[in-house]
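Notes to accompany the following structure.
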Amino acid sequence: MATNTRVTEEAGQAPSQSRTQAERTAQMRARLLDAAISCLIDNGYSGTSTQEISRRAGVSRGAQLHHFPTKESLVVAAVEHLVEQRLEEMLGAHASGEVPGVEVFLDAFSGPLFYAALELWIAARTDPVLHAAVLPLEARVNEAIHTGGAAIFGDRMSPEAIEISVELARGLAVSALFRNEKSDRELRKRLIPIWEAMVTTT
């Protein structure tokens, strides 16, 4: 009877132990993804190595290779992770009740997400392996932005208008690399009212 009780208790502990291991795994994965983004931003794609990512994350090389066997798989997963976070932020801002403007598209192509993704776009042009890895990521990024845009704007913006806005925002984000903050702010002030009038309905 005592044996049965002990077996039952051990069996009852297994899910808790499993959850703890799952939590540790999730935390390790998150550290790797965050470290990959910081490496991309600080060093660019060519200067990013899995060794440096592991060092920044405080994770052993063996653990890193277990989760992400290649550099390509790691950096692509990191950018995708940021995309999911950014979409949640966009939808969260919409849920606050504020009437959105096309600035939400500019916000989507800004900060760590944009700079990390830009490094992948540039490197993928001449790296066939990375290019193949980035293609499905780009499809998921576009889908996420279009889904977010549709949820935020509803009938105020058609699917085609969302697509135009995505491309405009991406282009403005790239050219902003060569503008200072003041000139970028002035350009946005001039263009946003025209852009918004073109793509939204009242």
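Cβ from N, Cα, C; glycine included.
What TrEMBL records for 49-68 is DNA-binding region. Beyond the ends of the DNA-binding region (49-68), by six or more residues, the same chain brings 28-29, 31-32, 34-36, 38-39, 43, 74, 77 to within a C-beta distance below 8 angstroms of the stretch.
Positions annotated as compositional bias 'Polar residues' by TrEMBL: 14-24.
The domain 'HTH tetR-type' annotation in TrEMBL covers 26-86.
Look at TrEMBL and you will find 1-24 tagged as region 'Disordered'.
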**Per-region confidence, the domain 'HTH tetR-type' (26-86) (mean pLDDT, whole number)** = 93
